[in-house]
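Annotated features in TrEMBL:
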- A:71-262: domain 'ABC transmembrane type-1' (DOMAIN)
- A:12-32: transmembrane segment (TRANSMEM)
- A:67-94: transmembrane segment (TRANSMEM)
- A:106-130: transmembrane segment (TRANSMEM)
- A:142-162: transmembrane segment (TRANSMEM)
- A:183-202: transmembrane segment (TRANSMEM)
- A:241-261: transmembrane segment (TRANSMEM)
Amino acid sequence: MIRIKNKQYNVVGGFLGWFWFALIVIPIYYIVVTSLRDQSEIYSQNPLSLPKHFTFAAYGRVFANDFLLYIGNTLFVTIVTVALILLVTVMAAYAITRRADAGARAIYKVIITGLAIPMQATIIPVYYLIIQMGLYDTLWAIILPSVGFAIPITVMILCNFLRDIPQSLFEAMEVDGATEWKIMWRLAIPMIKPAIITVSIYDALQVWNGFLFPLILTQSSSNRVITLSLWAFQGQFTVDIPGILAAVVVSVIPILTAYIIGRKQMVAGLTAGFSK
Amino acid sequence: MSSVSKTARVATPHAAPQTSVSPTSVSPTSVSPTSVSPTSAAPTAQSHAAAKSKKTGKLHKGPSLWYTAPALIFFGVFALIPLVGVLVLSFTTWDGLGAITFNGIGNWVRMFQDPLVMNAFKLTIILTIVSWAVQTPICILLGTFMAGTQKYRAFLAVFYFLPLLFSSTAVAITWKNLLDPNFGVGKAFGIGWLAHNWLGDPKTALWTVIFVVSWCFIPLHSLLYQGAVRQIPQTMYEAATIDGAGPIRQFFSITLPQLKYTFATDSTLMIVGSLTYFDLVYVMIGGGPGNATRILPLDMYLKGFKSYDMGGASVVGVIILALGIAVSLILNKVSGSDKMESQMEGA
C-alpha cells in the first residue's frame with residue numbers, strides 16, 4: 001500500500017531529498033577525486049573536475065606510512081572489545097530478564113543510568129585508572145574502557161529482545177533438567193541472534209571510529225589505531241592534500257565494504273538502541 | 001503517571017508466570033524476608049533458592065545474579081568509579097604524572113573566574129541549541145520523505161547513510177579540506193563568497209562547526225524519524241484524505257502530532273550528544289581560531305592534557321556531567337512518559 005500523502009506532490013520533501021543527496025555525494029566525490037590528483041594540480045584545477053592525470057601515488061604514500069599496521073591494530077581492538085562486550089552483556093542481560101526480581105531490577109537500573117550520562121566527561125579519571133593499572137600506551141587501554149562504556153546500551157537492547165522469548169520455552173528446558181548455563185547457550189542466545197548481530201555492529205562501529213580513548217590513552221605509533229593515525233598523518237603531512245584524503249578513503253573502505261555486503265543489518269546496527 | 005503503576009505494569013508479565021512455577025520465587029509484590037536489600041542480599045537469596053530447588057527437585061527461578069558480575073565489574077570500574085573520580089579530582093591538584101594533592105575548592109573558584117570556561121560554556125549552549133534547532137526540522141522532513149515507498153527514495157536513502165560510516169576524524173578532515181579557500185569546493189562554482197575561509201574566520205567558525213555537525217548527525221536522526229513515520233497507521237491518512245485534507249494539512253495534523261514521542265527521545269539524544277562533540281571540533285579546528293570553537297569538552301581536554309591542569313579539567317568535566325544529567329531529567333519531565341523511560345523501567 002502506497003502512502004497516500006506521498007503519492008501527491010511532496011515539493012518540500014522532494015527538494016530537500018535531492019538537495020541532501022547532493023550534499024552527501026559532493027563531499028565524497030571530492031575526497032575521492034582529490035586523492036587521485038597530483039599534488040601540483042591541487043591549486044590550479046577546478047576542485048570538482050576529473051584529474052588530468054590519475055595517480056595512485058597518494059595511496060602509496062599512505063601505505064608506506066604503516067597504515068596496514070594501524071588497520072591491524074584497529075581490527076584487533078574492535079574484535080576483542082566486541083567479543084568482551086558480548087560475553088559480559090549477554091550473561092548479564094540473561095540473568096536480569098530471567099530473574100526479573102528486585103535484585104535484578106536494581107542492577108538493571110544502575111546499568112541503564114549510564115545512558116543518560118555524557119560519559120566522555122569522565123576521561124580524566126579513566127586516564128588515571130589506566131595509568132594505575134599499568135596499561136597506558138597499550139591496546140588494552142582502549143579495549144577495557146570501551147567495554148565499560150558500551151555496557152548500558154548493549155544490556156538495554158539485549159534485555160528488550162530477551163523479554164520477548166516465551167517463558168514456556170525456558171520452562172520446558174528446565175523440566176528437562178538443563179542447567180541455566182545450558183539454557184542460555186542453547187535457547188536464549190540462538191533466539192536473540194539478530195539482536196546480537198545488531199549490537200555487535202553498533203558497538204564495532206563505535207570502537208572502530210572511536211578517537212578520544214586512543215588519543216588520551218595511547219602514545220607510541222606502534223599502538224596507533226586508524227582514527228588516530230588519520231589525525232597524526234594530517235598533522236605530519238599538512239601540505240600533502242591528496243595523501244591526507246587518500247588516508248581518509250582508506251580508513252572508510254573497510255566499513256564501506258561491510259555496508260555494501262550487509263546494508264540491512266548495518267542500518268539496524270546504526271540505529272540500535274533507538275528503535276527495536 | 002505514578003511510578004507504582006509503571007512498576008506494576010512492567011513487572012506483571014515477567015513475574016507472574018514464574019511465580020506460578022516456582023515456590024521459592026521472589027516476586028516484587030511478595031518480597032521474602034531473606035531478600036530485602038536488592039543488590040547485596042539477592043545473590044545469597046538466589047543461592048538459597050538454588051540449593052533448595054536442588055534438594056526438593058523443584059524448578060528454581062533463573063540463573064544466579066553472579067551472571068551479572070562481569071558486566072558490573074566493567075561498568076563499575078570504567079563508568080561508576082570515574083563518575084565519582086571526576087568529582088574527587090576536581091578538588092585536587094594533579095599534573096597528570098606526579099602526586100595528587102588535595103586543594104579544597106581552589107579549582108572551582110579558579111574555574112568560575114576563568115574567562116575560557118565561561119566562553120566555553122556559552123559556546124556549548126549555542127552549539128547545542130542551534131544544532132538542535134537546525135537538525136530537528138530537517139530530520140523530520142527528511143525522515144518523512146524517506147518513509148515513502150517510492151523506489152527513488154530508497155535509492156537516495158542508501159546515500160544518506162554514508163556519513164554514518166565515516167569516523168568523526170574522517171568527517172573533520174574531509175570538511176577541513178573541502179572548506180579550504182584555496183583548493184576547497186568553494187572554488188568549483190565560481191561564486192566568490194563560497195570560497196570564504198569558513199573555518200579560519202572567528203565569525204563563521206562556530207556556524208561552520210554546526211553545519212558539519214548537522215551533516216554528520218542528520219542521517220542518524222532522520223532514520224529514527226523515518227522509523228516513527230512508518231509506524232503511523234495508514235488508516236489515519238486514508239480517513240484524512242476522505243475528509244478532504246491535502247498533503248500539507250495531513251503532515252501538520254497527523255504526521256507531526258504522531259511523532260511527539262520520537263521527538264522527545266530524539267531531542268534528548270541530540271542534546272546530550274552535543275555536549276560531548278569533541279573529535280569533530282578538535283580534529284577540524286582544535287578549538288580555534290582563537291577560542292572561537294573552544295567548547296566545554298575541548299576546554300576540558302586542552303586544560304587537562306595540554307596545560308596539565310587535571311584539577312581544573314575535572315571541574316569542567318563535572319560541569320559537562322551536570323549539564324547532561326540536568327538536560328536528561330528536564331526533557332524526561334517535560335515529555336512525560338517518553339519511550340526511553342518506559343524502556344528504562346522494565347527489568
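Cβ atoms here come from the backbone N, Cα and C positions, even for glycine.
Please treat TrEMBL annotations as automatic predictions, because they have not gone through curation.
If you look at the transmembrane segment (A:106-130), the same-chain residues 6 or more away from its ends with a CB under 8 A from one of its CBs are 92, 96, 136, 141, 144-145, 149, 151-153, 155-156, 159, 212-213, 216-217.
The largest share of C-beta pairs under 8 angstroms with the transmembrane segment (A:67-94) comes from A:142-162, of the ranges A:12-32, A:142-162, A:183-202, A:241-261. Sequence-distant contacts of the transmembrane segment (A:183-202), counting only residues of its own chain at least 6 positions beyond either end whose CB sits under 8 Å from a CB of the stretch, comprise 82, 85-86, 89-91, 94, 153-154, 157-158, 160-162, 165, 169-170, 173-174, 258, 265-266, 268-270, 272-273.
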